[in-house]
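What TrEMBL records for this protein:
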type	residues	note
SIGNAL	1-31	signal peptide
DOMAIN	96-517	domain 'Peptidase A1'
ACT_SITE	114	active site
DISULFID	127-133	disulfide bond
DISULFID	292-296	disulfide bond
ACT_SITE	301	active site
DOMAIN	326-366	domain 'Saposin B-type'
DOMAIN	390-431	domain 'Saposin B-type'
C-alpha cells in the first residue's frame with residue numbers, strides 16, 4: 001500500500017457569499033507505524049478569519065471565486081459527441097490538499113487530489129504573463145534529469161477561463177513511490193485571480209482516461225501499469241475533525257482498516273469518465289423527497305466540498321434546515337398563478353412530467369419539460385432575455401410539480417401545499433450556490449439521507465452544516481448546493497467532501513465499483 005496524507009484547509013464564508021480561504025501548509029515527514037504504509041504528514045495553520053480576501057474583491061472577481069470554475073463533460077453514447085454541463089465546482093472551496101514531487105531531483109508542489117478530473121497540471125517556469133504563476137512554485141524542466149520533451153499543446157476549460165500550456169513527461173513522486181514517464185501539463189497561462197490566491201499549485205486528477213484532456217494517461221493508471229501498487233484500488237479517508245492536525249489520507253493500492261468501521265457497501269460504476277454510479281431516493285427526516293425515487297445518477301468527487309443536487313430537492317432540504325437563499329420571483333409567480341391548476345392536474349393523475357408543457361410553460365420532448373425559446377432575427381439580445389425568462393419559468397414550474405406531488409402523498413390540503421411551495425421559493429439557493437443557516441438551530445435540524453445500493457447513508461446536521469469560526473463570530477452555511485442536469489444524464493448528484501468525510505470511500509478500478517463505509 002502507498003499511503004498519502006492530505007491536509008484540510010479551512011473554508012471561510014460570509015452569509016450566502018463564499019469567501020476565499022488562506023492557510024499555510026507546512027510539510028512534516030514522520031516515522032510510519034509498522035503497518036506497511038508510508039505516511040507523509042502535513043500540518044496546517046489554524047484558519048484565520050482575517051484572511052478573507054474574496055470579501056475585499058470587486059463583484060466581478062468575487063463571482064469568479066464563487067461561481068463554477070469548470071465544466072463536467074459527459075460523453076454521449078454515439079460517437080465522440082459531448083455535452084458540457086456547467087456545475088458549481090469551485091476549487092477555492094476544496095479543503096483537502098497534499099504534496100507530490102515532479103522530476104529528478106523532485107520539485108515539490110501542493111495539489112488537489114480530484115476524482116472529478118483526470119489530468120495532472122502544475123505551473124511552468126515558462127509561464128511569463130500570468131500573475132498567478134509568480135505566487136506558486138514553477139516546474140523547471142532544465143533542472144530535472146528525467147525530463148522528456150513532449151510539447152503537445154493543452155488547455156483545460158473552466159467556467160471562468162482556461163488553464164493552458166503544453167504536455168511534458170517526467171517522473172512523479174507520490175508518497176514513497178516514483179512513477180516514471182508521467183504525462184502532465186506545464187501550465188503557461190492561469191487566468192484571473194482564482195489561481196492567484198489559491199494555496200494549491202496544481203491538480204492531480206484521479207478520474208478515468210475517458211475524460212482526460214489530450215487523452216493523457218492519468219498518474220494512477222501509470223502506477224498500476226508499472227506494478228507500483230498491489231491492487232488497482234485507491235481510497236480516501238477525510239478527517240472532518242476541525243481541530244485535528246492531520247487532514248486525512250489518500251491510500252493507493254488498497255485500504256487502511258483503521259480508516260473505516262464495519263463493511264463497505266459497493267455500487268458499480270455506471271459510466272467510465274467520472275466515478276459515476278446510480279443512487280436511489282433522498283430522504284429528509286426519514287421522509288422521501290420524491291425526486292430520486294426512480295433513481296438518480298451520482299458522482300463521488302473529492303475535488304468538491306459541498307453536496308450538489310437538483311434544485312427542487314435542495315430547496316426542500318433548505319426549507320427543512322431553515323436555510324435562506326435568494327427569493328425567486330419566477331417561482332412565486334408560477335405558484336400563485338398555476339398552483340391550483342397543478343394540484344388539480346396531479347389529483348386527476350395527469351403525468352407529472354407533462355404538466356408544465358400542458359399548461360404552456362414548457363415544451364415536452366418525451367422525457368421532461370424543456371423551455372420554449374422564442375426565435376427572433378431582429379434582436380438577439382431580446383431573444384436571449386426572453387429565453388432566460390422562459391427557462392426560469394419552466395424550471396420553477398417543474399420544481400413546483402415535484403413539491404406539490406410530494407405533499408399530496410402526505411394528504412395535505414390545497415392551502416397547506418400552496419403555502420409550502422411559496423415557502424420553498426424562498427429557499428432556492430442563491431446564484432453563488434450557498435445558503436446561510438442559524439448555527440444555534442442545528443439541534444432541531446433533520447438528518448438528510450441518501451440511498452445507495454439499497455442502503456441508507458445518513459448525514460446529521462453536524463456533518464452537513466459547515467461552521468466557520470467560534471462563539472459570536474461563528475457563521476454557518478448549508479452543505480448543499482444546486483445543480484440541474486436534465487435526462488438522460490440527470491438528475492445528478494455530486495457527492496463531495498461533506499459526504500466523503502462521513503463515509504470512507506473506495507475507488508476500485510479492478511472491479512469498476514465504488515465502496516462506502518462509515519469513516520473511523
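Placed from the backbone N, Cα and C atoms, the Cβ positions cover glycine too.
Heads up, TrEMBL stuff is auto-annotated, nobody curated it.
Fair warning: this is a prediction, and the values are worked out from it, not measured in the lab.
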Packing count at residue 292 (disulfide bond) (other Cβ atoms within 10 Å of its Cβ): 23
10 Å Cα neighbourhood of residue 301 (active site): matching recorded positions from 114, 133, 292: 114
Per-residue pLDDT averaged over the domain 'Peptidase A1' (96-517), given as an integer: 85
Residue pair residue 296 (disulfide bond), residue 114 (active site) - Cα distance, angstrom, rounded: 22
Cα distance (Å, whole number) from residue 114 (active site) to residue 127 (disulfide bond): 23
DSSP residue counts for the domain 'Saposin B-type' (390-431), split into helix, strand and coil: 32 helix, 0 strand, 10 coil
Active-site residues listed as 114, 301, least Cβ neighbours within 10 Å: 114
For residue 133 (disulfide bond): intrachain residues, at least 6 apart, with Cβ closer than 8 Å: 123, 124, 127, 187, 188, 190
Tally of residues which DSSP labels helix, strand or coil - the domain 'Saposin B-type' (326-366): 26 helix, 2 strand, 13 coil
